[in-house]
Amino acid sequence: MDIEAGKDIPVRDPALLDDDGRIKRTGNVFTATTHIVTVVVGAGVLALAWAMAQLGWIAGIAVMILFACISVYTYNLVADCYRFPDPVSGKRNYTYMQAVDAYLGGKMHVFCGSVLYGKLAGVTVGYTITSSVSLVAIKKAICFHKKGHDAYCKFSNNPYMIGFGICQILLSQIPNFHKLTWLSTIAAATSFGYAFIGSGLSLSVVVSGKGEATSIFGSKVGPDLSEADKVWKVFSALGNIALACSFATVIYDIMDTLKSYPPENKQMKKANMLGITTMTILFLLCGGLGYAAFGDDTPGNILTGFGFYEPFWLVALGNVFIVVHMVGAYQVMAQPLFRVIEMGANMAWPRSDFINKSYPIKMGSLTCNINLFRIIWRSMYVAVATVIAMAMPFFNEFLALLGAIGFWPLIVFFPVQMHIAQKRVKRLSLKWCCLQILSFACFLVTVSAAVGSVRGISKNIKKYKLFQYKQ
């Protein structure tokens, strides 16, 4: 029988159980860090060079470091709220929404759920776009190598999105998050691969003396860039960086894999520091070197925008790594969404065989447990996400919108409010005022990034016909 997250198991030996009566968790700082890197070093990492080009050296570096510092602080607040009311001995909160409900109450719980699962759904669409862009880039790299750099090498993303969707339908049948550590580990390893390939190719351009002129203030206003467009692109760049910092959607799923000693919040704080430090180093490498190589003409994605043509096999390999990473990261993000819907269906129809019964199927020496509801619901979800991606395959703008949606509410607002409730911070005290100023400043960043990205998407929709975009 499958042991699924969030379910009690028929084991009577106390030595095999955690304090909540469920099977002992075995995760540690290393596995938690691996999950974090898998999520944060994701769809937007190779778009950071473009973001740096919009902001310039001073603002670009400052924003990346500032967002990293904010993330470490607020994710540590979230880690302390895994248990209620005491961060070490209190009752576990298995999901982000459950923690918000415990500390802030019902209305905030509903608001949190709307943002959280909307963000999860959006990210899976973003990963579908990213994987198809990279698959097309592999084909284009081969095409340019064979026919020359001036050849017509444009291809539709749609067949590749459909293929990626079929792959995710199969992987989505994995019952729960605990069984994905192997996939997460492989995906995390490939994230380093494509990040270093992109950075290495950019470095080779800079070292060879072929790098383009850069500016401390970013892309310059001129005939090809109006002042208004410059402002919109800066807003979009903030959204791209904000997305790259986000793993709030799965933080409690990660914490729920950690062993009970040392306390989960202490382990998670170490994982936060290690994961976000690794993230920031990679971001500065990819963003800084990409901008130094291409200047104001930095493409939206340095491995798919064809700033590089040769060595074509290395460009193709970098994109293979991106696709492998997207395969794993998609499941890391989608599994919490799958689980909450299935738990809700179980509570609504506890006696339904269609929803709750599993059917064992033998394939040689392997035995798989098939659940009809899981197959149909998860397959339908992946199909809808794929169709949306096919309709709006705009890489930078879509990722910026996702970053804007999740940054303020999930990374700043809820952690700050839960911390105030947990520690009973007095209203209008110095600490309370500082926390509210931080929250309001990040709210302004979210609004700016959202407006900039929506404007970019609307312009592209007017420019391209639905389902007919070619890269």
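Each residue, glycine too, has its Cβ placed from N, Cα and C.
The feature domain 'Amino acid transporter transmembrane' is assigned by TrEMBL to 26-456.
What TrEMBL records for 29-51 (among others) is transmembrane segment.
The annotation transmembrane segment is assigned in TrEMBL to 57-78 (among others). Counting residues 6+ beyond its ends, the transmembrane segment (57-78) has Cβ neighbours under 8 Å at 48, 51, 96, 99, 214-218, 237-238, 241-242, 245, 247-248, 251-252, 268-269, 272-273, 276-277, 279-280, 283-284, 287-288, 291, 411-412, 414-416, 418-419, 438, 442 in the same chain.
As annotated by TrEMBL, transmembrane segment applies to 180-197 (among others).
The transmembrane segment annotation in TrEMBL covers 273-292 (among others).
Sequence-distant neighbours of the transmembrane segment (312-333) (same chain, 6+ residues past either end, Cβ-Cβ under 8 Å): 35, 38-39, 41-43, 46, 120, 123-124, 127-128, 130-131, 134-135, 137-138, 141-142, 144-145, 164, 167-168, 171-172, 174, 177, 180, 183-184, 186-188, 190-191, 193-194, 197-198, 201, 249-250, 303-304. Summarising the annotation, TrEMBL assigns transmembrane segment to 312-333 (among others).
The transmembrane segment annotation in TrEMBL covers 372-392 (among others).
Residues of the same chain lying 6 or more positions beyond the ends of the transmembrane segment (398-416) and with a Cβ under 8 Å from any Cβ of it are 43-44, 47, 70-71, 74-75, 77-78, 81, 96, 100, 104, 108, 111-112, 115-116, 118-119, 122-123, 125-126, 129-130, 235-246, 248-249, 392, 435-436, 438-439, 442-443, 445-447, 449-450, 452-454, 456-457. Taken from TrEMBL, the feature transmembrane segment applies to 398-416 (among others).
According to TrEMBL, the feature transmembrane segment maps to 428-451 (among others). A Cβ distance under 8 Å defines the sequence-distant neighbours of the transmembrane segment (428-451), meaning residues of its chain 6+ beyond its ends; these are 70, 232, 235-236, 238-239, 242, 400-401, 403-405, 407-409, 411-413, 416, 419-420.
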